[in-house]
Amino acid sequence: MRCASRSDELVFFVNGRKVMERNVDPEGTLLTFLRKNLRLTGTKYACGRGGCGACTVMVSKHDPVSRKIQRHFSVTACLMPICSLYGAAVTTVEGVGSIKTRLHPVQERIAKSHGTQCGFCTPGMVMSMYTLLRNHPQPSEEQLTEALGGNLCRCTGYRPILESGRTFCMESNSCQQKGTGKCCLDWGENDSSRLGKKNEICTKLFAKEEFQSLDPTQELIFPPELLRMAENPEKRTLTFYGERVTWISPGTLKDLLELKVKHPEAPLVVGNTSLGPAMKSQRQFHPVLLSPARISELSMVTKTSDGLTIGAGCSLAQTQDILAERIAELPEEKTQTYRALLKHLRSLAGQQIRNMASLGGHVISRHCCSDLNPVLAVSNATLNLISAEGTRQIPLNEHFLAGLASADLKPEEILESVHIPHSQKWEFVSAFRQAQCQQNALPHVNAGMRVLLKEGTDSIEDLSIAYGGVGAATISAHRSCQQLLGRRWNELMLDEACRLLLDEVSLPGSAPGGRVEFKRTLVVSFLFKFYLEVLQELKKLVKLFSVAVGADSRHRSEVSDQFLSALEDFPVTIPQGVQTYQNVDPHQPLQDPVGRPIMHLSALKHATGEAMFCDDIPVVDKELFMALVTSSRAHAKIISIDVSKALELPEVVDVITAEDIPGTNGAEGDKLLAVEEVTCVGQIICAVVAETDVQAKRATEKIEITYEDLEPVIFTIKDAIKHNSFLCPEKKLEQGNVEEAFEKVDQTIEGEVHVGGQEHFYMETQRVLVIPKTEDKELDIYVSTQDPAHVQKTVSSTLNIPINRITCHVKRVGGGFGGKVGKPAVFGAIAAVGAIKTGHPIRLVLDREDDMLITGGRHPLFGKYKVGFTNNGRIKALDIECYINGGCTLDDSELVTEFLILKLENAYKIRNLRFRGRACMTNLPSNTAFRGFGFPQGALVTESCITAVAAKCGLPPEKIREKNMYKTVDKTIYKQAFNPETLIRCWNECLDKSSFHSRRMQVEEFNKKNYWKKKGIAIIPMKFSVGFAATSYHQAAALVHIYTDGSVLVTHGGNELGQGIHTKMLQVASRELKIPMSCIHISETSTATVPNTIATAASVGADVNGRAVQNACQILLKRLEPIIKKHPEGTWENWIEAAFEQRISLSATGYFRGYKAFMDWEKGVGDPFPYYVYGAACSEVEIDCLTGAHKKIRTDIIMDACCSLNPAIDIGQIEGSFIQGMGLYTTEELKYSPEGILYSRSPDEYKIPTITDVPEEFNVSLLPSSQTPLTIYSSKGLGESGMFLGSSVFFAIADAVATVRRERDIAEDFMVQSPATPERVRMACADRFTKMIPRDDPETFKPWSIPIA
């Protein structure tokens, strides 16, 4: 029990209101307190590690020294210890503004700029932007990018979020589109010559002139009581007691030092950014925590003639400002070290983490990937230590970094400050890092390098090099540096230095983190970059000083002009761009919203935090919490499950096992709860039910499961093929005579394509609330799902009760992407068993780690192809064999295989084709539906064939694509009629709008002039088939009520996932009923109002549900027609009142029977898809051949939307899916251990695209509309189609790499691997450095990770 009576009182403010609390848990976070205690649910839980920004809030504190409010700073509430907030003012999204009172300009602009989709990340985005504006009312674009760098969004693609933020920036109030001097919003209205006839084409998605202005004087003031507290600080020690942990916050440095003597093992907690995640993931436990937050001496900054001393308590963000200020004050020669540190600080984590983490904590933690320690180590920084016995200094050197006792802190000592000396003339300091992506990512390798040359010469007087990421801690290459003293700074020295470094900084083949050869290459690549930087600086100095240079070229200090670009880092910029769509007919009534860029129905609620998600539902009386216990073995027999220790814990109510299931335990081979055997790490075995979520999770660790390992254990596709381990029969399509065609071609190529898996990373993890009713075994289930009917059916069979006793409710879903089609039924059923057994409501909310471990994702793919073609590039025969890694159960793997094969031809008409596909059964968690449903993987194989043919023929890939594309009306491989006219239009429009051919020449010119940087450009066509391959999956229903006041309630079978389906349904109802959208409301999706629904998936949600809503509205309007004709001058309200009096039903069910679709796999013939979406994308990139990094320069997308229901929403879907696809092909990499354990289980390890990954110029055009009678108002579903267009970035990178390999006479490699990570790009750009690294025999060590595709 907590000792509340002994605890001091915690005093802080939230949204201007005072909070006084004695009963606080020192292990608790601000996020938990806000959500559970204060019911402020706008702050979201998404990752629990500070890596996504969904829980961002603003904290403000007063500085008694400067007598000013310290900069307001954004923090991630999931890491912020609640006890650390004494004397602070917290502002949450609810405190910024509300739709009930007044919207803040930030909230208004992000909503009206269409910067929200699912809305789960939006409160965090708002708070990051709001905090920025509190500090800088007119920020720079660089500050905006920096502020949002720690916030992730999986839906929007970031462009509209940044656009909303840019409206506050001081550079300009418009984008001044790329050198034209004109705002992109003005194109459609003011430049008809560029965009067509007047009123035909538009680019204005929102009315910026209607935004309310920002008035900084109207913000919430800092609480006067906190001012008084800060000016007369509490000097006594504050103590807060919890059940397991005591938090002690001393008021003076003397008290802190005395406490350190008393509790020498107690860690100091400042930002909790290192300790917090470690306590969670590594199960670290500390009974006493010391907080130095109130010790002002630890935040002092001292400027001296020889350097800068920064208090250990200063945050990394404060350190950033301090360094920037010092750089501005001192001559350049003295600030080399400060510049190097500042460079790393800008990319270190996100803004929130930099605001929380302290300099001292960063240094003392000695993380192997520390970005600052390598630079501090080489710059001769010293650590000022203090204890009750006195002070002393120790060098921050290799001995300290290695943790040697003789060079470390004593248990009773603390770090007071860090002294960083000035650099001097002829001294050069640089920092380098390479991570999976540019921002908010831990580095694979980083380095600090410093050289002091003998004045007036290029002779090395002192040299220091340190690396991070290549060992358990930062490694100093002291021995190598000593051997290079006295050497000239030239090529001979460089060769010797590389040899020495590779020998000293050695990585074993089994090194943690893997990527061993890549890391070895970076060790010498970074050195080469440093070598070039110093040479370039010497070139400047030689004008002032006589530098001794030898006559031999090997002794001459020069930098080739071709090498200069290697010295430039890729800039971080806010994307510019134009979004083009067809305007509505000028004769369309203003009240008719169809075709207009209407704001998302819930956008304002997203921005204010008032949108309710599943876990935002208030606590239900007698509610219990559930946590899952999963398998730690990949394939094993369960010998025993001992739950006794878990049940002994306080607040634990029960443990649910398979024996408690009254009905069916899932399907054969796919159990809800494991029985007798487990077939993957992460399989659910049982579940703990407890009074608190914390105790439920702790109890899972007490359950002891005994296993007996079984054979075989299969993880990879190749192993599955070897063991003939498949989930379903082969799917095959064939046309023409493939073997005969191969005999007649000029050339053939065979190749392999490996496509990695992908995590859905929906921002809202899987969650469900099951509430049992008091009679008839009824249940109310609130669940985050794309398919509530499936949840309903699964719970029914699990509990053995009729479906009609179960009602599933879906208000909104925080992202789905296919991951919430089948999986939520599992969690709903397990929670329902717990609810029935205990008689209590059950809430189950998955942690991000468990969600990623359990739920699976996109299927990894291994493809083999053989392609036959003529010398001019005409493909005559193509044979592709694809295998996908389905995991341990069938799930949707058979359907994914079918869709993959059906869509494999993409945009190409090849007369002789053979496509085969198999789904492999492995001992990994089952993979499932994911946006695109096999097409993004399969089409990459097809496009790889195209690029291989182009390389062999010596022709540009776009020429091969054009030559083999569908040209006239024809039939697909499955004999469905197909007219390629719109496909060709998209291709030609993309070529034209992207200025492809002229830019191709510019790319080639750039590549001639640059050796270490290369550009690439690619254009990709797309034919995407929409829908399910079965008629029954296209049906939909709707229920529309008109109430006597004239208001309308619409319910339908679609689920709001962020794709705007509710908004579009209101647009449909508004048009059909001829009333304003404001008169119509959608509350939720419920199986009680619209039964037997189909999953909201396959891009047809708005299509089919729109037709059902249309049908219902037309029925109602037909009933009203006699009244309207009789009283044409009447109002809507008059007509409804009259209808009621005449006993006319004001409720109607609408129904759409669905599109006809079928596929006969025996005959290879079908009409499986109702229609196609066509598109094309052109992307240009620049790669760094020395590090593998890349920058997206420009992307142009042309998409066939036919007649868009809502251009703003549709463009948002295209941009979001494109960026998600880009992530699949570039940065998103799942890593598994040789034991089948998923390493990538948080945003720390798994990198989805961030703000800085958006192309610098990002243009999207909806092709001018055409008519199709098949769909609602001739619209098309665009939810998935943009996904594959992200491959244009992949092929642009491949184009740049191919240029490198041709230039260096390296043979073509027809094995394609996705994603194109920095590791793969760097190693493909083979050079002198990749050749010099040692390589290990794979038979001699156990790798850290294994490839599963």
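The first residue you see is number 1, and the count goes up from there.
Even glycines carry a Cβ here, placed using N, Cα and C.
Swiss-Prot names Cys47, Cys52, Cys55 for binding [2Fe-2S] cluster 1. Of Cys78, Cys83, the residue it gives for the same site is Cys78. Among Ala349, Ala381, Ala405, only Ala349 appears in Swiss-Prot as part of the FAD site alongside Leu268, Val269, Val270, Gly271, Asn272, Thr273, Ser274, Leu275, Ser358, His362, Asp371, Leu415. Binding of Mo-molybdopterin is attributed by Swiss-Prot to Cys155, Gly816, Phe817, Ala1098, Ser1099, Val1100, Gly1101, Gln1213, Leu1278, and the same site annotation extends, among Gln107, Gln117, Gln1142, to Gln117.
Under a cutoff of 8 A between CB atoms, and with a sequence separation of 6+ in the same chain, the neighbours of Cys55 ([2Fe-2S] cluster 1 binding site) are Leu31, Thr43, Lys44, Tyr45, Ala46, Thr76, Ala77, Cys78, Gly124. The DSSP breakdown of the domain '2Fe-2S ferredoxin-type' (8-96), given as helix, strand and coil counts, is 16 helix, 28 strand, 45 coil. Note on the binding-site residues Cys118, Leu415: the fewest other CB atoms within 10 A surround the CB of Leu415.
When the CA atoms are compared, the recorded positions lying within 10 A of Gln1213 (Mo-molybdopterin binding site) are Glu1280, out of the candidates Cys121, Cys153, Ala349, Leu415, Glu1280. Of all the recorded positions listed here (Cys121, Cys155, Ser274, Glu1280), Cys155 has the Cα closest to the Cα of Gly816 (Mo-molybdopterin binding site). Of all the binding-site residues listed (Gln117, Asn272, Ser274, Gln1213), Gln117 sits in the most crowded Cβ setting, with the most other Cβ atoms within 10 Å. Proximity of Cys155 ([2Fe-2S] cluster 2 binding site) to non-local residues of its own chain (separation of 6 or more, Cβ distance below 8 Å) is seen for Thr116, Gln117, Cys118, Cys121, Met763, Gly815, Gly1058, Gly1212, Gly1216, given in sequence order.
Mapped onto three states, the DSSP output places His362 (FAD binding site) in helix. In sequence order, Leu31, Lys44, Tyr45, Ala46, Gly48, Arg49, Gly50, Gly51, Gly53, Ala54, Thr76, Ala77, Gly124, Arg848 are the same-chain residues whose CB sits within 8 A of the CB centroid of Cys47, Cys52, Cys55, Cys78, the residues recorded for [2Fe-2S] cluster 1 being left out. In this structure, the C-alpha atom of Cys52 ([2Fe-2S] cluster 1 binding site) lies 24 angstrom from that of Glu1280 (active site, proton acceptor). If you take every residue in the domain '2Fe-2S ferredoxin-type' (8-96) and average the pLDDT, you get 94. The Cβ neighbour count for Val270 (FAD binding site), using a 10 Å radius over every protein chain in view, is 25.
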